[in-house]
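K.L.:
Please find one structure pasted underneath; my questions will follow.
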Amino acid sequence: MSKEEQAFRPGTGPEGERVDAAAIAVAPEDAPRPTAEELPAVEHYFGENAELAQRYVGHLASSGIERGLLGPREIPRLWGRHVLNCAAAGDAIPEGALVADVGSGAGLPGIALALARPDLMMVLIEPLDRRVQWLDEVVEDLGLERRVDVVRARAEQVADEIDADVVTARAVTALRNLIPLTVPLLHGRGQLVALKGRSAAEEIEKAQKIIRKFKGHDVSVETFGEGFLEEPTTVVRVPIG
Ligand SMILES: C[S@@+](CC[C@H](N)C(=O)[O-])C[C@H]1O[C@@H](n2cnc3c(N)ncnc32)[C@H](O)[C@@H]1O
């Protein structure tokens, strides 16, 4: 099983055995704090919102795990692999953009970006009711309602209603399937910022035809967070138009 698949198998441990997620979830106040190595990144990306980011990690480690939004094995790596990794992708997003995060799940990258970038407006698009309810609760608790909308839908159902400058997506589907889901939300201009792992170049290769069909050009693979993150964030950027 890949690292990405493991992260979203809430009921299973490292060997695929059944685990009781509710028993492993921790109280928000016992959620991991950033390590000494991670602290400079927390300050760099979240600045004044560092305490709110800690509160978000508290939600992930407690109700997020209990309610199956992330697998219990993710608790020790919530900062490095999830929240900071997503925040670093903000460096790919222009000032003041309206960003649609497709398949937001536990708010990754959408909530992490909203906390890291107070200049952004965000729409979190997520079809699963259980996840939408959790997102609504967390957005309200973090006081982000003014800048973050949560929409219960599949991305392909809301292209007529959303006109974004940037679409983000992490761990939703391979690039060749992601393009037709996300590019219609951009209405002919802007860019897709897809958070990807080592498969980025291979996914681009397999998506060439569909990228051209949807007027994508100058596709690039970029990394962000070098010097701050143990594992920098890899982004596939697809400008449209
Ligand atoms: C593996 S999870 C990843 C969640 C989150 N982006 C992250 O990285 O933690 C994939 C998410 O995409 C959502 N999803 C799947 N198909 C979708 C679609 N067509 N439109 C919007 N969301 C979708 C699923 O409901 C799920 O929450």
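Each residue, glycine too, has its Cβ placed from N, Cα and C.
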K.L.:
Check TrEMBL for me: it has GLY103, LEU108, ALA155, GLU156 binding S-adenosyl-L-methionine, so pick out which one of ARG117, ARG146, ARG170, ARG176 it puts in that same site.
P.N.:
ARG170
K.L.:
Based on the record's binding annotation for S-adenosyl-L-methionine (GLY103, LEU108, ALA155, GLU156, ARG170), what whole-number value in Å is the widest Cα to Cα distance?
P.N.:
19
K.L.:
So, three-state DSSP: helix, strand or coil for ALA155 (S-adenosyl-L-methionine binding site)?
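P.N.:
SS state of ALA155 (S-adenosyl-L-methionine binding site) = helix.
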K.L.:
Between GLY103, LEU108, ALA155, GLU156, ARG170, which of the binding-site residues has its C-beta surrounded by the fewest other C-beta atoms within 10 Å?
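P.N.:
Taking GLY103, LEU108, ALA155, GLU156, ARG170 as the binding-site residues, the minimal 10 Å Cβ count falls on GLU156.
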